[in-house]
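Taken from TrEMBL as is:
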- A:128: active site (ACT_SITE)
- A:76, A:77, A:78, A:113, A:114: substrate binding site (BINDING)
- A:16-150: domain 'Molybdopterin cofactor biosynthesis C (MoaC)' (DOMAIN)
């Protein structure tokens, strides 16, 4: 563990960390998260794909667009021109959808927050699209899966036991 | 459970639901969520409040500002002029911070998504401010706690067992 | 024809027109527009719906989201909390897709620009999604179809001959 | 014609295309479009320049500002730091204004959409500024004129006959 | 002087003040500010109006558009649908331009910040447009002139001596 | 003094200046500004830091976030990925707070406007947070302090006498 919360200046106030002299490198981050719902809600989403309307299509567009807004929403984040964003869905066939977002750039700082925001927004859009039938959905297990590039190197998430 | 995913039109494509004729009423929503971290990370946040810089002050401003951007981020959400947003923190003294956001309006549709987005953004900003020392933080347990106002009436979250 | 370009002040400079005392009424606007493309491009969009990916799903989310940004993009437009946005597609089976957007509000001023911006953005997103295979697409015939509500009353577009 | 709609992933869902490894090159795009109106409307715009207020000045600022918002509005567009935007007007002295936008960057992907969005927004702002006297205006003939730079090379629009 | 900084909650953290139950009334605010520059810079702006390009036209569009973004920029500001924005210029013929912005709404809370932001943005745009010839310009004397409406009633600025 | 207002094209209309071929260099800009208030208002802000809530913490987050929005607000500004933003406060212990913002990038054009906008927004947020107790605050003395990098080289503000 490094020694400093780097986001503060000598007045003990937040700052956007100076990355002017960091190297431009390939950077990639993968994040994930889940939403739990009633079994019936998941059935509707499945059907929808076929005959009612595609909840996940909307959610995924939202996730991609949100990742581009990261620096507008998260106060100390640098603006990063993303070079790729891809979002995948998996579900357990019962009551849970898992979202995974992969974000890439070639820049001086990483895209972990961009990937996490893509996941959060995708999940919240699923909630929004289905809330009329299921207000009790639960968003959970949102975390970075893996990141690469930059000085801090490779990171892989390990569940604390 | 009502019968329809209301966000789709007769072409089976998403639409912004027509709320033109819904009544203007007082509406309030409370949402919550948690972030788990290393014990040392929470210690730093505690110290920071006193001598290094206040992570939660930044996170909370981010949460409030994000709630105002809900309709820009969540595709089918209506723009709602919020009349109040308040965010509180609680922690277990060990490794977990709990965020609670309360959002109010007097409008034709509810503010559940606004409250959830405030929570998500507050949590993600905590992650961002501390990621240099703890990349493995976990965002979890994000859900609506309670909402009131509007046709669907009062809702209280009940954990599924 | 009325006598004034209302968007200018006594210094002959633009202003946002004062609508403070206009009545809150139901307002609706319908706009339309078309995009012409190669026959093969339209075939791909058709197939996509079935087996490759749904261009129109993305375009339509873009159109709805853009209509909510109207006052950020069009300098003298008032912010209007929209109460409904719905976008439909029709194509001629050969080389042309027609987009129609219907926007509603209950407010002091109309939503013509919101409907037109929804149409334009939907069309441009179709262009963007297909430009790798067809850069020569043409956006055309964008106009207000009909609007109702407000002091100026009902309007129906009549093609000039 | 290339073989793929590139904006879809293996789940047949939209993605932001990965441009991480594309070369940074000079890129330029020119787009155009027209708005047809009553002769009297065009006269007012002409007069305005002289004694009432300058419709085109507002429209042009709107067009330039919109081009900078492209990646916020068009879901799969990459954020591109534009290095130049210039908009010109021409009219036929009767009833039609033609807008031409030239956009430049030095980046890994092109600026066609930025140029088209600049044109669309300029045209829609003209509509907005004049709609009090002419709601039947028609936006038409919006297309890419020419683009250069990048792997796909030089493109010149050729009207299909 | 009232007794409270109202923007803080019981955890001593910022909140968006609850205005849910405040009355909807007509509200107006007028703000002003100045920019000092070289005499030659002001001459150029004057000429520009006639033969080079109109700095103030751009600045004024910027001011109006910014006032609509107030709640996105100022963290604890409520979103207010403005019903009118008008910006005027006056100069002393030597080296100073004075900007005055008048903003109106019919809402539960006032528009002082909206008027001040319109003034600030107009002034900064003048700076931006002229900085190539005069980097030493000074923005000064920015304050509320007058506001009316709401519980706190009429306010007129009085210069402290 | 150079000879041209560079922001205009051959039609005497504004354009975003072409910086495509300018060199990427380190650039830094420092701007400052002040807000005058009642002595009691400054006392409250001081106390707040200790027991009521921290006005300056909110103001500073607002300033940093605004600097990232510069190209959205100031019409002819280029989008610049900022690599560092830091804001400091000083007060005279009586009635005046001085804000200083330092902004850095490695890009083809400078960040003066970004620094000035950070200052303006920080000051306006202080105003907003305290306006319930002091509507007569005055924002003044906003100017560039120093900038470096780029073709125009080093600049230091010199007060005109």
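Including glycine, each Cβ sits where the backbone N, Cα and C put it.
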Should residue A:128 (active site) be counted as helix, strand, or coil on the basis of DSSP?
helix
Please count the residues of the domain 'Molybdopterin cofactor biosynthesis C (MoaC)' (A:16-150) that DSSP assigns to helix (H, G, I), strand (E, B) and coil.
50 helix, 44 strand, 41 coil
What Cα-Cα separation, expressed in whole Å, is found between residue A:76 (substrate binding site) and residue A:128 (active site)?
27
Taking the Cα atoms as reference points, how far is residue A:78 (substrate binding site) from residue A:128 (active site) in Å?
28
Within 10 angstroms of the C-beta of the residue listed as 'active site', what count of other C-beta atoms is obtained when all protein chains are considered?
24
Once near-sequence residues are set aside, which residues in the chain of residue A:77 (substrate binding site), 6 or more away, have Cβ atoms under 8 Å from its Cβ?
A:16, A:70, A:71, A:113
Provide the number of Cβ atoms within 10 Å of the Cβ of residue A:76 (substrate binding site), excluding the reference atom itself.
22
In whole Å, how far is the residue listed as 'active site' from residue A:114 (substrate binding site) when you measure between their Cα atoms?
21
Other than its own, how many Cβ atoms are within 10 Å of the Cβ belonging to residue A:114 (substrate binding site)?
27
Find, for the listed binding-site residues A:78, A:113, the residue with the lowest Cβ contact count at a 10 Å cut-off, counting only other Cβ atoms.
A:78
Among A:76, A:77, A:78, A:113, A:114, recorded substrate binders, what is the largest CA to CA distance in Å?
13
